[in-house]
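S.K.: Feature table excerpt (TrEMBL):
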type: DOMAIN; residues: 43-436; note: domain 'Amino acid transporter transmembrane'
type: TRANSMEM; residues: 79-101; note: transmembrane segment
type: TRANSMEM; residues: 138-160; note: transmembrane segment
type: TRANSMEM; residues: 172-190; note: transmembrane segment
type: TRANSMEM; residues: 197-220; note: transmembrane segment
type: TRANSMEM; residues: 232-255; note: transmembrane segment
type: TRANSMEM; residues: 267-290; note: transmembrane segment
type: TRANSMEM; residues: 312-336; note: transmembrane segment
type: TRANSMEM; residues: 356-373; note: transmembrane segment
type: TRANSMEM; residues: 379-400; note: transmembrane segment
type: TRANSMEM; residues: 421-445; note: transmembrane segment
Amino acid sequence: MGSTSNGNEDKVLETVMVGRYVEMESEGEEKTIKSKLSGLLWHGGSAYDAWFSCASNQVAQVLLTLPYSFSQLGMLSGILFQLFYGLLGSWTAYLISILYVEYRTRKGREKVDFRNHVIQWFEVLDGLLGKHWRNVGLAFNCTFLLFGSVIQLIACASNIYYINDKLDKRTWTYIFGACCATTVFIPSFHNYRIWSFLGLLMTTYTSWYLTIASLLHGQVEGVKHSGPTKLVLYFTGATNILYTFGGHAVTVEIMHAMWKPQKFKAIYLLATLYVLTLTLPSAASVYWAFGDTLLNHSNAFSLLPRTPFRDAAVVLMLIHQFITFGFACTPLYFVWEKLIGLHDCRSMCKRAAARLPVVIPIWFLAIVFPFFGPINSAVGSLLVSFTVYIIPSLAYMFTFRSAEARENAVERPPRFAGGWVGAYLLNMFVVGWVLVVGFGLGGWASMTNFVHQINSFGLFAKCYQCPPPAAAAALPLPNLSTPTPFLGGAAYNATNPVVAISPSPAPSSFHLRHHHHYGSP
């Protein structure tokens, strides 16, 4: 990737990057008080920290819904869409990083000091393109991150139910909402070093558990792989994958936490390549084992028999979803702090107290729309499509539309993209594809499916996709020594109704309307 910046501009860029965000203490205090252990675990700003943050943030609860998407898309389309959207997401993340560096360089020439201030995407748009772009970027980014946090909360309740079903999922949502509210005490992305590292380890374990457990389980009796069968299911699955690789809405905040943000350019691509080693084997293996059964089970955990390994995966995913909740919510905390004038406050207690109102609407929405799986596709088509694909592509083209802007650009487009002409053509393709396929067809499909969930289960569903108690009671108890073929050898377990239910087919849509809080879509 070539650069037109001369030596002086490089010095300006290096200088402005040094004035990064200082959270709670002065620089002198940091050097004298902060222990080496604190520096190792808490204060991260290297390229490695950024890689862990990107990879950990990108591969969260979607691991559990991708097999569901494969059942909607079919094996081949599922694999191809993952590769395609992985590359598309890496490209637009690169564009965001270039625009951030361009913004910082221009502000550096104006002697603007960003100490005690976290730059966010809407501010980059404001500085480069004006207030109208800022307002659009702010609206989409905040709404996406709001629902991204909602999804993590829903996922927590969905997962914990598979190891403790004594409480319904709505009650678990209340509990985990309170737990996730503790993220108000994490100052910025600069402080996610150990959490990002642990989060990626946790999802790596879960991914390979899903892969190995599915292969050892083998295919269920009479397994069918009939997808794709309907357009509405096909594009619903595609938009869930669009959502999967659209986790770079927090790119600017991650870059700002780096000591040298100009090194970010290829980090998201490298993170995506690792993520693909987790998402492709796990989704393909679970779909191979269970086939069309996944159409009625959006959470992959629900089909695997309960074992200590599955319980460990559930617990690790719960911890990781807490971390990812913080990733999605921290930018919202920053926006709120700036709105009420507390962003530069050095008291963590004051800032934490001020941040709490941000969690309340997230908590409420997670209780209203507990549709784990379908909500991912809806958010992907309506919000992710614009937030991290269309707006960054258009912003790049408008920022460098003049010959003077292109001549003075801090970073030229990479050679493999074909220079400026190639970059513009690629951006126009991204805008056209995502607008038509992601937002248009994907929006139609995902909202059709989402409305179906509301009609089937109702708002404020008490226990989304839980087995109907009446149906479970009506079924004859299986022989305790005989495995149920539907679950591929899982013996009856009275403490785990998800495993206990027999191979009877899922309730029809007619019955679902008479059991709004239970059943499968």
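Think of each number as a place in line: the chain as shown, counted from 1.
Just so you know, glycine gets a Cβ as well, placed from its N, Cα and C.
TrEMBL does not curate its annotations; it predicts them automatically.
Help me picture these features in the structure, burial and contacts included.
M.R.: Through the fold, the transmembrane segment (79-101) approaches residues 13, 54, 66, 73, 119, 121, 124, 128, 237-238, 241-242, 244-248, 251-252, 255-256, 261-262, 264-266, 268-269, 272-273, 275-276, 279-280, 283-284, 388-389, 392-393, 395-396, 399, 410-411, 426-427, 430, 433-434 of its own chain, all at least 6 residues removed from its boundaries and within a Cβ separation under 8 Å.
Listed by sequence, the residues of this chain that lie at least six past the ends of the transmembrane segment (138-160) yet keep a Cβ under 8 A from its Cβ atoms are 60-61, 64, 120-122, 169-170, 172-173, 176-177, 179-180, 249-250, 299, 301, 314, 317-318, 321-322, 324-325, 328-329, 331-332, 335, 361-363, 365-366, 369-372, 375-376, 379, 383-384, 386-388, 391, 464-465.
Using a Cβ-Cβ cut-off under 8 Å and counting only residues 6 or more beyond its ends in the same chain, the transmembrane segment (172-190) has close neighbours at 20-21, 23-24, 43-45, 53, 118, 149, 152-154, 156-157, 160-161, 250, 253-254, 256-257, 318, 322, 325-327, 329-330, 333-334, 348, 351-353, 355-356, 358-359, 362-363, 366-367, 370.
Distant neighbours of the transmembrane segment (232-255): 50, 53-54, 57-60, 62, 65-66, 68-73, 77-78, 81-82, 85-86, 88-89, 92-93, 96-97, 100, 118-121, 124, 141, 144-145, 148, 188-189, 261, 264, 268, 272, 275, 279, 295, 327-328, 330-331, 334, 373-374, 376-381, 384-385, 387-389, 434, 437-438, 441-446, 448-449; these residues of the same chain sit at least 6 beyond its ends, with a Cβ under 8 Å from one of its Cβ atoms.
Same-chain neighbours of the transmembrane segment (267-290): 47, 50-51, 54-55, 58-59, 62-63, 66-67, 69-71, 75, 78-79, 82-83, 86-87, 89-90, 93-94, 97, 203-204, 206-208, 210-212, 214-215, 217-220, 223, 225, 244-245, 248, 251, 297, 300, 303, 488, counting only residues six or more beyond its ends whose CB sits under 8 Å from a CB of the stretch.
Counting only same-chain residues 6+ beyond the ends of the transmembrane segment (312-336), those with a CB under 8 A from a CB of the stretch are 53, 56-57, 60-61, 63-64, 118, 120, 122, 138, 141-142, 145-146, 148-149, 152-153, 155-156, 159-160, 162-163, 176, 179-180, 183-184, 186, 188-189, 192, 195-196, 198-199, 202-203, 205-206, 209-210, 249-250, 253, 301, 343, 351, 354-355, 357-359, 362.
Residues of the same chain lying 6 or more positions beyond the ends of the transmembrane segment (379-400) and with a Cβ under 8 Å from any Cβ of it are 88-89, 92-93, 95-96, 98-99, 102, 125, 128-129, 133, 136-137, 140-141, 143-144, 147-148, 151, 239-244, 246-249, 406, 409, 420, 423-424, 427-428, 430-431, 434-435, 438-439, 442-443, 445-447.
Among residues of the same chain six or more beyond the transmembrane segment (421-445), those with a C-beta under 8 A of the stretch's C-beta atoms are 88, 91-92, 95, 231-236, 238-239, 242, 377, 380-382, 384-386, 389-390, 393-394, 396-397, 413.
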S.K.: Excluding the flanking five residues on each side, which residues at least 6 beyond the ends of the transmembrane segment (197-220) place their CB within less than 8 Å of a CB in that stretch?
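M.R.: Sequence-distant neighbours of the transmembrane segment (197-220): 52, 55-56, 59-60, 63, 67, 278-279, 281-282, 285-286, 288-291, 293, 300, 304-305, 307, 309-310, 312-313, 316-317, 319-320, 323-324, 485-489.
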